[in-house]
Amino acid sequence: RFLYFSFFHCRHIPWNLHEPRKGWFYFTANLDFMAFIAMASDVGLWVILCPGPYIGSDLDLGGLPSWLLRDPKMKLRTTYRGFTKAVNLYFDKIIPKIVQLQYGKGGPIIALQVENEYGSYHQDKRYMPYIKKALITRGIKVLLMTADDGAELTRGHLKRGTISLYFLLNIPQRAITFLKLLFFPHFSFSSYLCAVLMRDVREMFNMSFSLNFYMFHGGTNFGFMGGSASLDHYLPMVTSYDYGALLKENGEHTTEYLTYQEFFSSSLAWFLFLSLPQPISSVKPICMENLSVNQGNGQSSGYILYETVITNSGLLTTRGHLQDRGQVYNVYPTLRILVENQGRLAYGKDINKERKGLIGDIYLNNSPLREFKIYSLDMKTKFLKRDLPNIWKPALFKHQGPAFFLGILRMGNDPRDTFIKMEGWTKGVIFINGQNLGRYWNVGPQETLYLPGPWLHPGSNEIIVFEEFKSGLEIHFTNTSHLGMVFWRVNL
């Protein structure tokens, strides 16, 4: 049990990143999970791997690719044929890579988690046995386990040949017989964990449980990876996944261990521009997932802009057809609606409904609007390189969005981790050298964004900011003075 306590690492594999388009698979650069697992082995960690298909992790759609929702009858996380066909193709690609990293073949993988917390979903009793069989028939031989919490533990458990992980809340006595490993959830090590360690952890060890802290290192929801939750109302995830863990996003110890230190020094020059890619014409609104973009896979994340012509003023209503957040711009006779996908539900029974953008008609004075031009603003690297121009005009003052701002950040020879604070800006997204760092919003709760040193390089670094409302005049880095900016602009 102490081996697990001290030396193992849990790793989830997000399907939506590895197959963002149907049939197009990516396993290189940041998506080279085999290299990541090898690194874990190099530093003496065993690995428990969760290959999905659903992994939860507060990710967009729980890590499932959004193109699955192009099927209007889709039933995610079930044995619905459209879903299992896609899972089988994905597993055919990814499981052979995992097989060679198993402990029996000299690798660090000691166990695989089957799906994730299915007891809370539990829509199809045939589904979990199907996933288990899909893993075994493709060569998985290490220990299989399930993960659930509370009363949902028994509903998510698989009989014969698996053990169950439990997120410690209120442990049902009937579950003791097949429980072997407990995950200890927390939201603040400094307050919650210290109060229970002496009692609960000792009790777990006395019962011969293995223990892992959830979580030791949270990390970052870079770009648009973060999903959302639905409690009393819709709650989009922030970019930080710090989670109050023992390690900060950048891998440093918290104040319980070391005094936090930061370093950074450079200068910035800023420019502004807003342009739009080629639109898609449609009589009616089309949601992100059904757009004819991305080689027929639809749009997964980002923003979408709808434009139509109106002939009179009046009351505009959506009747619940706008997901998730919209802004209306009316320069008569042109009406524009910018819609942000703030992240699909990461769990729950409503994940099949998680289509984004305008998912139905919108109405002006109770009459449905027609004849739209629709702009896909997915803000991927290709979008930034192809659709943003080479000519940027100066903007010397704060400017009203939505707009893109370009900044050149000059670095010394040894760029290191830092945190960005967008003080004075309102709401938007930051891109560092073409990579989506994540969202910022002045309403909080997150105030800084973690910027890894490896994202930067000596010399000039390109920073692009998409600001929805009003821009700032300066940008701050942790433990440095603010950096001045010179603006160039082009209005929408």
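Each residue's number is its place along the chain shown, starting with 1.
Glycine too: its Cβ is placed from the backbone N, Cα and C atoms.
All TrEMBL annotations are machine predictions without curation.
Quick look at what TrEMBL lists:
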DOMAIN    12-150  domain 'Glycoside hydrolase 35 catalytic'
DOMAIN    198-264  domain 'Glycoside hydrolase 35 catalytic'
DOMAIN    334-378  domain 'Beta-galactosidase 1-like first all-beta'
DOMAIN    402-461  domain 'Beta-galactosidase galactose-binding'
TRANSMEM  178-198  transmembrane segment
Secondary structure of the domain 'Beta-galactosidase galactose-binding' (402-461) by DSSP, residue by residue, totals 3 helix, 32 strand, 25 coil
Same-chain Cβ contacts of the domain 'Beta-galactosidase 1-like first all-beta' (334-378) under 8 Å, 6 or more residues past its ends?
56-62, 64, 66, 69, 74-77, 117, 120-121, 123, 224, 226-230, 234, 236-237, 276-277, 279-291, 293-294, 299-310, 312, 314-328, 402, 468
Going by DSSP, how much of the domain 'Glycoside hydrolase 35 catalytic' (12-150) is helix, how much is strand and how much is coil, in residues?
62 helix, 22 strand, 55 coil
Report the DSSP secondary-structure composition of the domain 'Beta-galactosidase 1-like first all-beta' (334-378) as helix, strand and coil residue counts.
3 helix, 20 strand, 22 coil
As a test of reading the model: what is the averaged pLDDT for the domain 'Beta-galactosidase galactose-binding' (402-461)?
90
